[in-house]
Amino acid sequence: MTETRLRTRIHTLAYALCILAFSMLAYLNLLYGFYRFFYAALFLVALAAGGIGYTLWVHRQQLSASGHGLILGLMAVVVLVLNLSNPQLASFWIFPLILLALLLLPLHRGLLLAGLLILLQGIAMLTQAQGLLAIASLLSALLLGAMAAVFAYRYHHHARWVGELTTTDPVTGAFNERYFDETLRREISRSESTGHPLSLLHLAIDYYGELEALHGETSLHPLLEKVSDALRDTIRAGDSHYHLGRGEFLLLLPFTPEEGVRVIAERIRRVVAEGTWPIVESATACLGGVSWHPGDQAPEELVASASRALEEAQRRGHNRVYHLDPFTSRSQPQADGSPAQG
Ligand SMILES: Nc1nc2c(ncn2[C@@H]2O[C@H](COP(=O)(O)OP(=O)(O)OP(=O)(O)O)[C@@H](O)[C@H]2O)c(=O)[nH]1
């Protein structure tokens, strides 16, 4: 089940439980003739029912949907007003709201609202000189709030961790190949609409196969991690890097023309060549670069072209940068079949 679906279900269930709780309160208050409380409970049932409708309506953006905050705010006002008039009857009406706040809202906003509710209810009860009742009810609310907060905290972090796992390579902390495909498509359509060029670099650590044979695959993880850190520190905000395995990385550089990709590729080559690295002490890398401009055809060939540029750089030796214009070289092949000079 996707995260969005799970959240939609949890939100719907939370509102449904609220409807059940406030319907029972409405029934009891009707039975004992507390008509103001009966109507207030009915109003809360209607708000919770509206919450279910809203949940289903915004099913794709549950966490960013601001309507839940509004619905909860209205409910909180009703419950606090009831507490001001008769704290004995209304003190526990706050409990479903605390649960709703922590289940429906983003963690920090849920905690804030739940804390605010408990505080305001405490003040309302103390102004009614309900000292003992206030303490008992606040302690119960705090206990419930703490339990719900622990659940919400764990859920929030688990969801973030799972989200990171689907986009990030655990060895290097760089993004993974699957996420690259997604980002490339997004960046290409952004380039098409803004008219800005987009460049791609394919980097391979020189002699990585030999290093792997010598040290073993897992022993080289610290090297990959440090190279990934160095790439992250070298590229600018908005650029991103992806680990492909076998000591290879892709770097996606939006808003970067051909002259620019040459500059950054050369800078990265120097960073690797001049750095001190775990396991191997010194290392070098080859980089192949390509640029894509809006109006160029076949953007999906960008990745294959970057790999061809890398192969050309490697063919010329190690510690090299080579830039390929995929569209020029395809339409005007050189006499010997080799691509244009980078
Ligand atoms: N995408 C990307 N391009 C870079 C980066 N560094 C340099 N470039 C490209 O290379 C060009 C020249 O960069 P620099 O030599 O650093 O000169 P600069 O005037 O300081 O570059 P900016 O102020 O970053 O535009 C830039 O305009 C970019 O196109 C980088 O980290 N990422």
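The backbone N, Cα and C atoms fix where each Cβ goes, and this holds for glycine too.
Note on TrEMBL: of 295-318, 319-342, the range annotated with the feature region 'Disordered' is 319-342. Summarising model confidence by region, the domain 'GGDEF' (196-326) averages a pLDDT of 92.
Within the same chain, the transmembrane segment (12-31) stays apart from the transmembrane segment (132-153): fewer than three Cβ pairs sit under 8 Å, each pair at least 6 residues apart.
Only residues 6 or more beyond the boundaries of the transmembrane segment (92-120), in the same chain, are considered here, and those with a CB under 8 A from a CB of the stretch are 10-11, 14-15, 17-18, 21-22, 25, 44, 51, 63, 68-69, 72-73, 75-76, 79-80, 82-83, 137-138, 140-142, 144-145, 148-149, 151-153, 156. Under 8 Å from some Cβ of the transmembrane segment (69-86) lie the Cβ atoms of residues 36-37, 40, 43-44, 47-48, 50-51, 54, 93-94, 97, 100-101, 104-105, 109, 113, 116-117, 120-121, 124-125, 127-128, all in the same chain and six or more residues away from its ends.
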